[in-house]
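Only one structure is covered here, and it is reproduced in the block below.
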Amino acid sequence: MDKTQSSQGKCPVMHGANSAVASNNMDWWPKALNLDILHQHDKKTDPMDPKFNYRDAFNSLDLAAVKRDLNALMTDSQDWWPADWGHYGGLMIRMAWHSAGTYRVADGRGGAGTGNQRFAPLNSWPDNANLDKARRLLWPIKKKYGNKLSWADLMILAGNVAYESMGLKTYGFAGGREDIWHPEKDIYWGSEKQWLAPTENPNSRYSGERDLENPLAAVMMGLIYVNPEGVDGKPDPLRTAQDVRVTFARMAMNDEETVALTAGGHTVGKCHGNGKAQDLGPEPEGEELEAQGLGWLNKKGPGTGANAVTSGLEGAWTTHPTQWDNGYFHLLLNYDWELKKSPAGASQWEPINIKEEDKVVSVGDPNRKFNPIMTDADMAMKMDPEYRKISEKFYQDPAYFSEVFARAWFKLTHRDLGPKSRYLGPEVPNEDLLWQDPIPSVDYRLDASEIVELKAKLLASGLSVSDLVATAWDSARTFRGSDFRGGANGARIRLAPQKDWQANEPERLQKVLKVLIELQASLSKKVSIADLIVLGGAAAIEKAAHAAGVKITVPFIPGRGDATQEMTDVESFAVLEPLHDAYRNWQKKDYVVQPEEMMLDRTQLMGLTAHEMTVLIGGMRVLGTNYGGTRHGVFTDKVGVLTNDFFVNLTDMAYNWKPAGSNLYEIVERKTGAVKWTATRVDLVFGSNSILRSYAEVYAQDDAKEKFVHDFVAAWTKVMNADRFDLA
């Protein structure tokens, strides 16, 4: 046999790290710290030009023209995916709803803000079946308007226009959502290994009676909300009502908003289950190349229009599924309902003895009519006592229902867009809403000389470097890049609930705030407490850097306002409470998750990279900002001086590192055996993890003293300005 024949059938390429058959580091060492969540959305993956600014691009968009095109699309039925009753409104609303509906208030992740429905896993979730068709229908419009209109904005706008085209007066629309270019790595969707895994399966998201794992909101892997057939697919409206209440609360919705959204979402459109689910092909990510990113293709027939299969339930909720009306409550409340099976075998509720005029015209044959249907979640709106009261009120007052729904829909689709200062476009409502975390604008300016004078007064106030730095940090660290909440702007650290959070050391905080408020009152110039808090941190860092022999000016841009208690929803802000903070070497209690894992999660939410995290930890330790003044990780004899001592001593082989208790270690001199310092896991991980050690070594080098200070200041400034959307 010659060499040519013997080599036939072998793979012609070397298997690299991108090969599906290759094992990666996490396969070999599953307990290793995975820094990937800090390394996502790199500019290398972004196809936009370096100078591209989406805000500027969107502001140049003719939004009215886009809406005209979207209105035309709604009734321009395509043969490859026909519109139900000649109107795509229901499909577009479901797409927008499911884009926004992944948001959860606990960590601010999910939601409509990034266009992530285009990528795995969301593009292939069972609950998102056939939304790939909705996005393909939108492609001509996305293609036409190009970079002026992100997919993220287009999907929400399409849902808005769909409602408007069917008769609802919407509350408004804001653009400003920038697309990502690959799946997110930081969002925890659950630990289940199969779609729609029931509660009793391994790795369930439930414990106890029915306690849903934090921060999850959906009841099953692959669902946006609740199971439409009932808890674990077993119909029981009262049990489902409990799931609905928990799920919507974790999306920051109250009972009235929940009923409005459920009813308003089901006033239009239909469910699809007129066929066999087993006839459908794989989801988009599991399909073959020739499917070109589409999934759920019917292998035994057209599988479109009247024969489409999506959820498995079959039918519309209302008599007129292409118009906005009060028909949902008319049918739900005036008829008795019984359990039936759809053609696909799914459990659904249908009315008993329904009048002919209340039936729904068939999608495929205008001469035929069918029963409307309700899901188990819809029946919960009737069976649950509290939901029933709200449903009755909406039924009796259709105008009130329309208004509440329009506002709830706006909240649903804009919750993760952040404060109103990030909103773009001519349809932004004028009203300031409490859930937008409003902050009053400022009416003063500070020039360079006034800033210098203020810094001198702050340093002469009697507050220490650690007090000023820790207070500024505590004020700013609440920022979440997931939904753009929190941060130093507004100075809500002086208001409930933040002033009483254990993480903020209330007694120390009140001492610092008292000094700052007195200083503010003594000034001839108007300055917000929010600006004074941040400027105090800047002044303290400059002093600490100067003591280390490095002269530097910490960038400071005034303009932060002071929020009032009336502008602050205490319950809404409660989810921002830090339960751990590696930067101040503190956690409220021991958790199942290791401290270093929680450090990465907090770091990612603040929008920091791995090397920014590294330099900030090292700087915060030597500045003496540990919670309660503990000495863990303070590897220096010059506390309050901004040196690179943390890294120098961390990487020094003159020391041994020994466990001394739960999350506690002793740093021992090798020669004498004497304990030199103590440390926690979030200190020693910078010497243990190979990636973090590589950063630590950079800052430990003899030529790194100035670089360390400059990098620390840059990372610090990034945190302080994270919520300054007015500077974008």
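Backbone N, Cα and C atoms are what each Cβ position is placed from, and that goes for glycine too.
According to Swiss-Prot, the active site, proton acceptor annotation covers HIS98. The Cβ of HIS98 (active site, proton acceptor) has 22 other Cβ atoms within 10 Å, all protein chains considered. In the three-state DSSP classification, HIS98 (active site, proton acceptor) falls within a helix.
Applying an 8 A CB threshold to same-chain residues 6+ apart, the list for HIS266 (heme b binding site) reads TRP317, THR318, TYR328, THR375, ASP378. Taken from Swiss-Prot, the feature heme b binding site covers HIS266.
Under the heading signal peptide, Swiss-Prot lists 1-22, citing sequence analysis as support.
What Swiss-Prot records for ARG94 is site 'Transition state stabilizer', and it gives sequence analysis as the kind of evidence. Cβ contacts within 10 Å of ARG94 (site 'Transition state stabilizer'), excluding its own Cβ and spanning all protein chains shown: 26.
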For HIS266 (heme b binding site): DSSP state (helix, strand, coil): helix
